[in-house]
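Summarising the annotation, Swiss-Prot assigns active site to 7, 66, 137 and lists sequence analysis as the type of evidence. Swiss-Prot lists 7, 137 with the feature Mg(2+) 1 binding site. Per Swiss-Prot, Mg(2+) 2 binding site is recorded for 66, and the stated evidence type is sequence analysis.
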């Protein structure tokens, strides 16, 4: 299975495509889209073009995106939301189911520490995947893809026609057996 992880941003958009065969993880492609010092609409357009080309080239079957972290500035959250919208649109245009994960969930799945810093994320990308990301955006995108692969059995798409069915299937996997805690039916 090949998964695309996206760390959205309007100045730098990290991407990581990771393939899993059995227990083995392989980086198919990773990097950072840097649209340059352009007006916002043009930067978002360049990111969309870059993601479209990446999806056509790498052919992932699912996409995963980091959910919005508002931080200290409402303006930053709005700008991040615009970049996320572009990432979601690129995946939707390609017909990919999209899954979202909180930053702390990604860090926990990738490093074992939900509050991991940039250095720890970069080190884990090198150790776990043999990747050598130059920027934390790239390492974060790889981590998002790995998080999705690790959580996939219980993941529910963020939107789309399959969301309700996937949610029911995931809930069924979480249900306890027909026996109660005393072992009686």
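Placement of Cβ uses the backbone N, Cα and C atoms for every residue, glycine included.
Counting only the Cα atoms, the space from residue 66 (active site) to residue 137 (active site) is about 11 angstrom. Calculated from their C-alpha atoms, the gap between residue 7 (active site) and residue 137 (active site) amounts to 6 Å. Residue 7 (active site) is surrounded by 27 other CB atoms, counting those within 10 A of its CB over all protein chains shown. DSSP classifies residue 137 (active site) as helix under the three-state reduction. When Cβ atoms from all protein chains are considered, those within 10 Å of residue 66 (active site) total 25, not counting its own. In the three-state DSSP reading, residue 66 (active site) counts as strand.
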